[in-house]
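Down below is the structure, laid out as structure tokens.
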Amino acid sequence: MFFAEVIVRKSAIASLVYFLAMVLPERKSDPPGVYEKPFKEMYDYIVVGAGSAGSVVATRLSEDYDTSVLLLEAGMSDLEPDDVTQIPSLWGSLIGSEKDWGYHSVQQKYSHFAYENERAYIAQGKVLGGSSSINAQNIVRGSRNNYDQWEHEGAVSWGYDDVLPFFRKLENATDTSYGDSILRGLHGPINIKETTGSILQSFHQTAAKEIGFSTVDCNSDDPIGFCKNQMNVKDGKRCSTSTCYIRPALERHNLQVSLRSRVTKVLIRSNKAVGVEFIKDGKRRRIFAKHEVILSAGFISSAQILMLSGIGPRKHLQQMKIPLKVDLPVGQNLYDHLLFAVQYNITAPLNINNKKASEPDRILEYIFNREGKNEVEGIILQNVNPLYTRGPQIELQITNKAYEEGLVLDPYLAFKKEIVKEHLKRVDQNSFIVKMFLLQPRSKGHLRLSSKSPFSSPFIDPRYLSHPEDIEDFVRGIRLMRSLEQTKAWKSIGATLVRQDVPGHCSEKKFDSDNYWRCIGRHFLTTATHFIGTCRMGSVNDPSVVVDSRLRVIGIKNLRVADASVMRYIPSCHTNAPVMMIGEKAAHMIRLDRTHRYNI
């Protein structure tokens, strides 16, 4: 019953948006036939996956007009059957839609005790632009230490000073307070907008100041402090890699984009990638690459395609009866951020507009005015464990989103029925939500094939909270969050924490004790869908590595991987901007390797 209500609600919203999008003149659509051009037998480069990295790689490679590029995407256009993807505040309605692969983890041993089947729902964009077309549009780079650690451990030329030019190249930060910073870019395709929230924002900023945080740029090299959210939005619309990279390049004669094209394997001859096999319209096809194949299909599909092509762990491929080409640790070193959301009720009569972002009047506000409320009021980034120095371990994202029925019933969360029943009693429109992200987890998981079929979802086991220090970082993050309750700013609005425990789920623990919060963490923490590492980069002498520092698959010529899967460790930030950066840097290296004279 609960999930049926959500489906009905989403269906009604989609119908309204579809009708308005059809009758209003600003609706965009793709030129007829632009994705259905006849295939050539060979291209200079084949890029697999038109997501946050692949769209960048293909766009940049096609800037060389003597170079032919084929971009293959398994999903649909982000503008069909409607352009809901363009409305920033409706990103939540895209989770679980046909534009989302909708994976699940395996049952978790140490976490997710509050969730049905004790597993995580894993959203991944199955659409032009990939996850940049369906995510929450947070743009954060991470800290200097994140990238310097990569380089220190063998990822040559991936230190902060090496990646900074590519972060600057991808962005236009003129719509922020930091456009004059030497660290920010002003001429890139991705427009960055600093958001303003409700009247609550000033209270949160003051509260952060009371506990010692100054206001900083989230995209500085040391982003410890309080910052306003920065989003990839342009003229009120989502600025994904589809809308801001690929679509302006669609008319290039040397760039071909094919949708609903599911790559099943890389064609390898004498340990050299020569093309790909893919299925489109039910027909199996083979296309060849003169120079290189670049996998940018994401942490799941890039690893899956490699293993189906015979590149992966020897023992696993033997078990799957897949002929081995190269023995590499594909699918290992899987990391992800963890997310926890908690409700605060307030007593102050602030007349906050806490209506759901999906309600019709807010949709109308956006469609007619190209404006809309952003839910994020502010972000606090902090080191809570001084012994761990890769970057901030905790992000507190303070929202103006009320704890309302739709959130409790969201299939993305999929709480157990007894928890849903109790939490529905705690719904209060006069509230806000704090989201906590664990940014530097030690727990490491893996990904494995479930069958030889490319259409079978792989086994994804993040092994959340398997490292004991992760739950301790969570408790430290809770103490940081609860210190805000003691500030004059939060006391003035009557901010009161709402307990999450229910009978049978942590209610037996002493409230606010460390053991109480350890229990809550193991029950309610879930994925932030910031997965990385399944095709790890680094030194060729490192046994954990799949690609070298130039993203070339070890032991196979003319094959690279360029997406989140190559990251050595997870950065202290939402991963969309770093993945775009990887796309920019990958394209630069590919062009440089081909011409030996290309400059950024």
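Placement of Cβ uses the backbone N, Cα and C atoms for every residue, glycine included.
So that you can see what the record holds, here are the features copied from TrEMBL:
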type     : residues       : note
ACT_SITE : HIS530         : active site, proton donor
ACT_SITE : HIS574         : active site, proton acceptor
BINDING  : VAL127, VAL263 : FAD binding site
DOMAIN   : 43-338         : domain 'Glucose-methanol-choline oxidoreductase N-terminal'
DOMAIN   : 441-583        : domain 'Glucose-methanol-choline oxidoreductase C-terminal'
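Location within the structure of each feature annotated in TrEMBL.
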residue	record	Cβ within 10 Å
VAL127	FAD binding site	30
VAL263	FAD binding site	27
HIS530	active site, proton donor	26
HIS574	active site, proton acceptor	26
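A straight line from the CA of VAL263 (FAD binding site) to the CA of the residue listed as 'active site, proton donor' spans 23 Å.
Across all of the domain 'Glucose-methanol-choline oxidoreductase C-terminal' (441-583), the predicted model scores a mean pLDDT of 97. Reported as a whole number, the C-alpha separation between HIS530 (active site, proton donor) and VAL127 (FAD binding site) equals 17 Å. When secondary structure is read from DSSP and collapsed to three states, HIS530 (active site, proton donor) falls in the coil class.
Here the domain 'Glucose-methanol-choline oxidoreductase C-terminal' (441-583) is broken down by DSSP into helix, strand and coil counts: 46 helix, 23 strand, 74 coil. VAL127 (FAD binding site) is 20 Å away from HIS574 (active site, proton acceptor) when you measure Cα to Cα.
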